[in-house]
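Following: one structure in structure tokens, then a few remarks.
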Amino acid sequence: MSNTTVEQFAAELKRPVEDLLKQLKEAGVSKTGGGDSLTLDDKQLLNAYLTKKNGSNSSTISIRRTKTEVSTVDGVKVETRKRGRTVNIPSAEELAAQVKAAQTQAAPVRPEQTAEDAAKARAEAAARAEARAKAEAEAAKLKAAKAGNKAKPAAQKPTEAKAETAPVAAETKPAEESKAEKAQADKMPSKKPAEPKEKAAKPKHERNGKGKDAKKPAKPAAPAVPQPVVSAEEQAQRDEEARRAAALRAHQEALLKEKQERQARREAMKQQAEQQAKAAQEAKTGRQRPAKPAEKPQAAAPAVENKPVNPAKAKKEDRRNRDDEGQGRNAKGKGGKGGRDRNNARNGDDERVRGGKKGKKLKLEPNQHAFQAPTEPVVHEVLVPETITVADLAHKMAVKGVEVVKALMKMGMMVTINQSIDQDTALIVVEELGHIGKPAAADDPEAFLDEGAEAVEAEALPRPPVVTVMGHVDHGKTSLLDYIRRTKVVQGEAGGITQHIGAYHVETPRGVITFLDTPGHEAFTAMRARGAKATDIVILVVAADDGVMPQTIEAIAHAKAAGVPMVVAVNKIDKEAANPERIRQELTAHEVVPDEWGGDVQFIDVSAKKGLNIDALLEAVLLEAEVLELTAPVDAPAKGIIVEARLDKGRGAVATLLVQSGTLKKGDMLLAGTAFGKIRAMVDENGKSITEAGPSIPVEILGLSDVPNAGEDAMVLADEKKAREIALFRQGKYRDVRLAKQQAAKLENMFNNMGETQAQSLSVIIKADVQGSYEALAGSLKKLSTDEVKVNVLHSGVGGITESDVNLAIASGAFIIGFNVRADASSRKLAENENVEIRYYNIIYDAIDDVKAAMSGMLSPEEKEQVTGTVEIRQVISVSKVGNIAGCMVTDGVVKRDSHVRLIRNNVVIHTGELASLKRYKDDVKEVRMGFECGLMLKGYNEIMEGDQLECFDIVEVARSL
């Protein structure tokens, strides 16, 4: 940028030097003589002053000049109206000093781009100062403007002239104006590159048409008639802008004060928190450390900083100054690209200053903390649901997933980050990693059931007792019930043994009694446990001629576990070998003491075959029921337990339900485990259709969506939607738990089987009439497994044999067991075509024996030695290139050509091998019998002597059995 003197500029304009000095003085530029230097800023101030003074109607304005001048002044608009700075307003003398300082700082001349940046920085700094002066002056003249006074000459308001947008003022003569403009353009070649950026800084309200003076070309003004600077309408608009600026300043001052108070409060809270933390730490560790003095808040930066301008960094410094001044961006709630505020990036008040280039650390203000690592590990309380993935468990403990995987691998489980584990395993992992694990109550709809149970209250009335008959197999349980019911159930049972739970109710002169008949066979443990769970009183049947047997002891354990009183029926006392006293002694050893011996258990000697003392047994049962005072609500939704369940081909899922409370009616919505449905039919134990059943009455129900598990609790719900929701939730929950346990079992088997030879597997598919039967059969077959042959139950279910069962058997090479069920025609045809074996049974013994035989056939045969003869060596003949030949006498049995032999010397086995050749005289023979001589050679062995004995034997394979 080149400077000119006042005289040179006056010569270019063809104006007297005195007039030019006068106009400069009126414009706020203090020049005393013609030799004083004029800068570009001085010329701009003079230009703005003449524009205001003479009007804006010139038609010879250069486009380039218009862009340059408007852009520079537009920056003032942005800083004044949009940013609304909260600053200290300097006086007119201070403004002049600042302008002079800016001119002095810009004295060193650099290349064009550097000069452009420096000029722009100075112009914007001066414009900000002028904007403050303008705001103060306009506020002072607000009353005069409202009274309708005309604006004073621009010479009395130099700062006001600089704050308005206007084109270059025209001189009185167009010729002089043209020459001046041409000379100005020749003198300032470095201004042109700055035009695009300055144009980009043009405020939005100017582009929308608010700066109307900038868009119209100026017309020549008459020198004799002075023109008003602005119209009354424009003056009113400016007054309104001034009022808004004053209100904005007041608001910003309030915000600044509030921010300072907030910082002070935060500092106090920070100091207090630090002191408390240090005190707690010192109390814990026993170390006393001096308290850290509180940091003082930084003093507020001055509103306008007149720093020396470095032209190379003028743009960056200017942007930083604008962001640091006041709260221009913060007041609007946005700043920078994307509306993001750098100063309030985190909490709106913490100001961060980045220093220097890459690699410099972030400098924090006093109200910010650097992150401090925790001094001790944090212990979390982890709520663990029934199943949880490894990733979720790690998230709950706030640790990395790899730590959980590592802990599980130490426990012998190979898992992935997305794999589910069961609740027990997860609790162990939580404890292992130092946290507190608690089983979480599932957020399931089953809570509705408890709420509904509490809400329903009905009068409890006496109910019949539920009596379960238990005992060892063939001790006469069903025969006893037959006599009580006057029926012949035993004759209809396969093999004379009970394989289902039978539920009956019997009317006696003293009331109704419900009986549950449980199987006595060892395979039906689960059935006996379910019977004890649903019962009030247990009748323990013991045969007087047989004594206490394993299932008798098991029945005692079930009764004690359920907390149920017992009545002992000593059966078969009509037999000659009956010894009731021995039964009492044996049961006393198992803590079942007769009442006549000082105990609390009634012993009744009965005969189911002849009906002896049956009435006394029923009296004892009813006496126990009176002591228990059994009651249940009648007028309430029914609740009960599933005793047995099966799949009937014609009727669908059929379940035997023992009602425990309430009244079950036809059409009720029943929920039983994972099955639900509306009761379509109810049948009693005699096959008669009934419409309702009260407490302690067993019924057979139809209409469930699936076959429920035996032992499940069942209850009536009023809402089908709620029943469906709970059933589906249970299905998903049980599936997740089952999969998690299966995965754990697979991994355990994988580790256990590492390095072992692969055992043979016998695959079997079991279909039975009721759930209890296939449970018992599957459990018994699995017990037959050995290290060499294992029973693999691929599928077990209730109902007839279907095509899907046959197809599964084809794919897996299994055979099918039908227990009290049959295959339909299509299934039989498919099985015949594919050679799939289907075996039907109605006695559990037979099924177990056949499977055991099949497993025995899969066992590898056992090799045994069978001695065939004995040979005595009487002469040894050595033949070159052949070896030693033994001349022998067969003393016992027979010697065969392919026999194995043992060489025995002095009753010690020297060698075991085979014969290389066997001859009698010169002929090869297959065998030589006792009493004949022979010659023989041993294969690969020549160390034989006279007097040695040879023991001949064969190796035979013997089939093994389980």
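Placed from the backbone N, Cα and C atoms, the Cβ positions cover glycine too.
Worth saying up front: this structure is predicted, and the values here are computed from it rather than measured.
What Swiss-Prot lists as region 'Disordered' is 99-366.
Annotated compositional bias 'Basic and acidic residues' per Swiss-Prot: 117-141 (among others), in sequence order.
Among the features that Swiss-Prot reports, compositional bias 'Low complexity' is placed at 145-155 (among others).
Positions annotated as compositional bias 'Basic and acidic residues' by Swiss-Prot: 173-216 (among others).
Swiss-Prot lists 219-234 (among others) with the feature compositional bias 'Low complexity'.
Helix, strand and coil counts from DSSP across the compositional bias 'Basic and acidic residues' (235-269) read 35 helix, 0 strand, 0 coil. Summarising the annotation, Swiss-Prot assigns compositional bias 'Basic and acidic residues' to 235-269 (among others).
Per Swiss-Prot, the feature compositional bias 'Low complexity' maps to 270-283 (among others).
Feature annotation from Swiss-Prot assigns compositional bias 'Basic and acidic residues' to 314-327 (among others).
Taken from Swiss-Prot, the feature compositional bias 'Basic and acidic residues' covers 338-354 (among others).
Across the residues of the domain 'tr-type G' (462-631), the predicted structure has a mean pLDDT of 76. The annotation domain 'tr-type G' is assigned in Swiss-Prot to 462-631.
The region 'G1' annotation in Swiss-Prot covers 471-478.
Within 10 Å of the C-beta of I573 (GTP binding site) there are 19 other C-beta atoms, taking all protein chains into account. Summarising the annotation, Swiss-Prot assigns GTP binding site to 471-478, 517-521, 571-574.
Under the heading region 'G2', Swiss-Prot lists 496-500, citing similarity to another entry as support.
The region 'G3' annotation in Swiss-Prot covers 517-520.
Under the heading region 'G4', Swiss-Prot lists 571-574.
Residues of the compositional bias 'Low complexity' (270-283) grouped by DSSP class, helix first, strand second and coil last, total 14 helix, 0 strand, 0 coil. If you look at the region 'G4' (571-574), the same-chain residues 6 or more away from its ends with a CB under 8 A from one of its CBs are 475-476, 479-480, 541-546, 580, 605-610, 612. For the recorded site, I573 (GTP binding site), the DSSP three-state label reads coil. Most other Cβ atoms within 10 A: among the binding-site residues G471, D474, that distinction falls to G471. Remark: secondary structure over the region 'G1' (471-478) totals 2 helix, 1 strand, 5 coil, with classes taken from DSSP.
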